[in-house]
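S.K.: Here you go, one structure.
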Amino acid sequence: MSAAEFDLIARIRARAGQRGGVVLGIGDDAALLQVPPDRQLVVTADTLNAGVHFPDATAPADIGWKSLAVNLSDLAAMGAVPAWCTLSLSLPQADPSWVDAFLDGFLDLADQHAIGLVGGDTTRGPLSISVTAMGLVESGGALRRDRARVGDDVWVTGTPGDAAAALEALQQGREAPKSLRQRLDRPMPRVAAGRRLSGLAHACIDISDGLLADLTHICESSGVGAEINLVELPASADLASVESNRRWGWQACGGDDYELCFTASPHNRDLIVQALDFTDVSATRIGRIVSEQGVRAFDADAQEWRPPSRGYEHFL
Ligand code: ADP
Ligand code: MG
């Protein structure tokens, strides 16, 4: 390891902070973590590559925020409480000011969720950030994809489509409204909502690849189908006035939302609304789980709607 990389790790270590359950953090060959006896460890990893998962011109602090946010979103979708994370950085050059700015965003979000940075790796190469996040759930209490039941309501948190609308503007060389750009660069993982839904929801997933694509994962895992009423989709103030077909393209098929899509018994409708009352987000019922396989979306005239694409797929 070069002196420059050693210096970067020292900078990261100095700012990493403390968290319970860490017997050994940054500095040894590996971290040593104490999992409480009645909890299960939930582990997830996501990589962000420059130009693929964020536009090249994205500010380092936004990259830092987003690289943790996408992982916290996976913990949220499992109903887990964030506990620890690792950070693997591949950097074109050992640039301390870039790392400092990256940490501003990363550690801001880490502090908000009391997640401890306990290790990682620092190498030279094309800009790529890989985070592993670990969380805790009561044993047997995780929210899973494979538990949806026929007759369940389908719900979504927040206002999907904002990030996709911002990304489309950027790709076309236009400026996106600030509020939409914020949704793309600084997604808010729905951790509190996921926690409160455990015990109330049957199945849950976070929307990273598009609502219909991710709901299809729930349906395939659970051996069921779903019907979605697009007119029920909640839209942000920025998107509300956009012509519906265009808006639904972003809302139903656009990626990068990091909202939660979940299914639950109709008996739990009031409890779900109450449970999310004091979180940062509300949820809206948008359809139902049916026995016929596949996910179908319907427009205002109850006609089946054909999406322009089924969400963002790599390698297409
Ligand atoms: P090793 O050669 O044993 O893999 P490293 O020199 O890669 O050790 O890392 C030294 C210590 O610094 C380890 O505890 C590792 O987890 C931590 N570390 C390295 N890079 C990062 C990073 N980007 N973020 C957090 N911790 C890091
Ligand atoms: Mg290493």
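Any Cβ shown, glycine's included, is placed from N, Cα and C.
From TrEMBL, for reference:
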type    : residues                       : note
DOMAIN  : 27-137                         : domain 'PurM-like N-terminal'
BINDING : Asp29, Thr44, Asp74            : Mg(2+) 4 binding site
BINDING : Asp29, Asp74, Asp206           : Mg(2+) 3 binding site
BINDING : Asp46, Asp121                  : Mg(2+) 1 binding site
BINDING : Asp46, Asp74                   : Mg(2+) 2 binding site
BINDING : His53, Asp256, Tyr312          : substrate binding site
BINDING : Gly120, Asp121, Arg145, Ser208 : ATP binding site
DOMAIN  : 149-297                        : domain 'PurM-like C-terminal'
BINDING : Asp209                         : Mg(2+) 5 binding site
S.K.: Quick one: DSSP breakdown of the domain 'PurM-like C-terminal' (149-297) into helix, strand and coil?
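M.R.: Result for the domain 'PurM-like C-terminal' (149-297), in helix, strand, coil order: 64 helix, 31 strand, 54 coil.
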S.K.: From the binding-site residues listed here (Thr44, Asp46, His53, Asp74, Asp206, Ser208), select those whose CB sits under 6 A from an atom of ligand 1.
M.R.: none
S.K.: Just to confirm: which same-chain residues, 6+ apart in sequence, have a Cβ under 8 Å from the Cβ of Asp206 (Mg(2+) 3 binding site)?
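M.R.: Same-chain residues close to Asp206 (Mg(2+) 3 binding site) (Cβ under 8 Å, separated by 6 or more) are Ser73, Asp74, Ala76, Ala77, Pro189, Arg190, Asp214, Tyr258, Glu259, Leu260, Cys261.
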S.K.: Tell me whether Gly120 (ATP binding site) sits in a helix, a strand or coil according to DSSP.
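M.R.: Looking at the DSSP assignment, Gly120 (ATP binding site) belongs to a strand.
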S.K.: List the Cα distance (Å, whole number) between Asp29 (Mg(2+) 4 binding site) and Ser208 (ATP binding site).
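M.R.: Ser208 (ATP binding site) has its Cα 33 Å from the Cα of Asp29 (Mg(2+) 4 binding site).
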S.K.: Out of the binding-site residues I have (Asp29, Asp46, Asp121, Ser208), which ones have their Cβ sitting under 6 Å from ligand 2?
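M.R.: Within range of ligand 2: Asp121.
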S.K.: What is the separation, in Å, between the Cα atoms of Asp256 (substrate binding site) and Arg145 (ATP binding site)?
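M.R.: Their Cα atoms are separated by 19 Å.
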S.K.: From the Cα of Gly120 (ATP binding site) across to the Cα of the residue listed as 'Mg(2+) 5 binding site', what is the distance in angstrom?
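M.R.: So the alpha carbons of the residue listed as 'Mg(2+) 5 binding site' and Gly120 (ATP binding site) sit roughly 26 Å from each other.
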